[in-house]
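Participant: The structure is given below, and queries will be raised subsequently.
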Amino acid sequence: MNVFRLAGDMTHLISILILLLKIYATRSCSGISLKTQELYVIVFVARYLDLFTSFISIYNSVMKVVFVTCSIGIVWCMRFHPLVRRTYDKEQDTFRHYFLVAASFVLALLFHDSFTVREVFWAFSIYLEAVAILPQLVLLQRSGNVDNLTGQYVFFLGAYRAFYILNWIYRYFTEKHYSWWISWIAGFVQTALYADFFYYYFISWKNNSKLQLPA
């Protein structure tokens, strides 16, 4: 644990809390991609298969439980909550996310640290997380205008991965034989996908105006 990883974990948690706030306070999931949220459920379940078989720390276990339960709760609300589900725009959220799942699983079978169930699913979760935001970004571009809470959610989600890159750089220079190339490559790809959003986010912040993305 170092300050960059802690900052990454906290920004990730903040992004989820912002999304939950949006859903429960406004009873709306307008502008939120159900496809992206479903991908995150798959990511967390696949990554945390060791939750009940290995123990690292209370902090580690609690964070795993929080991410899994919150992601499942968000999907449940968007699908089954009598008020929230009415605000879901399925006509705009049409990204074929199952292709991302299939491609990530094939990559995990080909490129992994060791050919075991846990390691293959861990690699699968890393590859899938790198592209899980794509349906959300496509939905925001289609809608153009982005409400404040949705913009904050996506910003903190991107900041989480940026902090993790700093964490990897720090560990590379402070730990001997530290190498985690699967996470490195996927992390840089994931951060690059946010580049366009970050640009327009900072423009809107600088001009104190509503966030708008080009169609």
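Even glycines carry a Cβ here, placed using N, Cα and C.
What TrEMBL records for this protein is below:
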- 6-25: transmembrane segment (TRANSMEM)
- 65-84: transmembrane segment (TRANSMEM)
- 96-115: transmembrane segment (TRANSMEM)
- 121-140: transmembrane segment (TRANSMEM)
- 152-170: transmembrane segment (TRANSMEM)
- 182-202: transmembrane segment (TRANSMEM)
Participant: Of the stretches 6-25, 65-84, 121-140, 182-202, which racks up the most C-beta pairs under 8 Å with the transmembrane segment (96-115)?
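Facilitator: When the Cβ pairs under 8 Å are tallied, 121-140 comes out ahead.
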Participant: Is it the case that the transmembrane segment (152-170) and the transmembrane segment (65-84) have 3 or more CB pairs under 8 Å, with pairs at least 6 apart in sequence?
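Facilitator: Counting Cβ pairs under 8 Å, fewer than 3, so no.
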Participant: How about the transmembrane segment (121-140) and the transmembrane segment (65-84): at least 3 CB pairs under 8 Å, pairs 6 or more apart in sequence, or not?
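Facilitator: By the criterion, they do not touch.
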Participant: What same-chain residues lie close to the transmembrane segment (6-25): Cβ under 8 Å, and 6 or more beyond its ends?
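Facilitator: Same-chain contacts beyond the ends: 32, 63, 66-67, 70-71, 73-74, 77-78, 81, 84, 147, 149-150, 152-157, 159-164, 166-167.
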